[in-house]
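If you check TrEMBL, you get these features:
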- 16-35: transmembrane segment (TRANSMEM)
- 47-70: transmembrane segment (TRANSMEM)
- 82-98: transmembrane segment (TRANSMEM)
- 110-133: transmembrane segment (TRANSMEM)
- 139-157: transmembrane segment (TRANSMEM)
- 178-195: transmembrane segment (TRANSMEM)
């Protein structure tokens, strides 16, 4: 029991960090502020709750059925690692070269579902990361890491004005680029592991 608990705690950072990098809260925060600009505080709080609920339901639903769908289609984990790694790499590159955060403002609390909940909090990068982590660490650790990351998102959203004022636009952009570089590194690792495992199987 103690050994199992220690192993759980030891592996938690291995699941938390990739999801944190995939979410990229420093790129997400300015977008959240843009979409909620002009809303009263009570509506902003509803947007936060709605976006996190949407993100959690979509993520856990994908974790529950994603592997079964792949099995049905004959897609192996290694296939997904290579394809998912390539997708993450493209997303990371686009994030690095992106120069601004401009988005059309939509003053409506419905933005909590789309686009904030999906695809801003939970998009292709997060979903790809979840399925890879699921294969390596199981449902318990993966969902726990997801939940902890959503708590981090909640904290940043609730304190968005203070955080952006403290870090500044340049600071937010620099941290976002750093997250993108880390995401690219994870993507390359996924591609490498997928290719290595495929070669070993043959």
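All positions are counted from 1 along the displayed chain.
Including glycine, each Cβ sits where the backbone N, Cα and C put it.
Touching of the transmembrane segment (82-98) and the transmembrane segment (139-157) is ruled out by the presence of fewer than three CB pairs under 8 A, sequence neighbours closer than 6 excluded. Across the candidate stretches 16-35, 47-70, 110-133, the maximum count of CB pairs under 8 A to the transmembrane segment (178-195) is reached by 16-35. Taking Cβ pairs closer than 8 Å, the transmembrane segment (47-70) reaches residues 35-36, 39, 76-77, 80, 109, 111-113, 116-118, 120-122, 126-127, 130-131, 134-135, 139, 142-143, 146-147, 150, 153-154, 157-158 in its own chain, all 6 or more past its ends.
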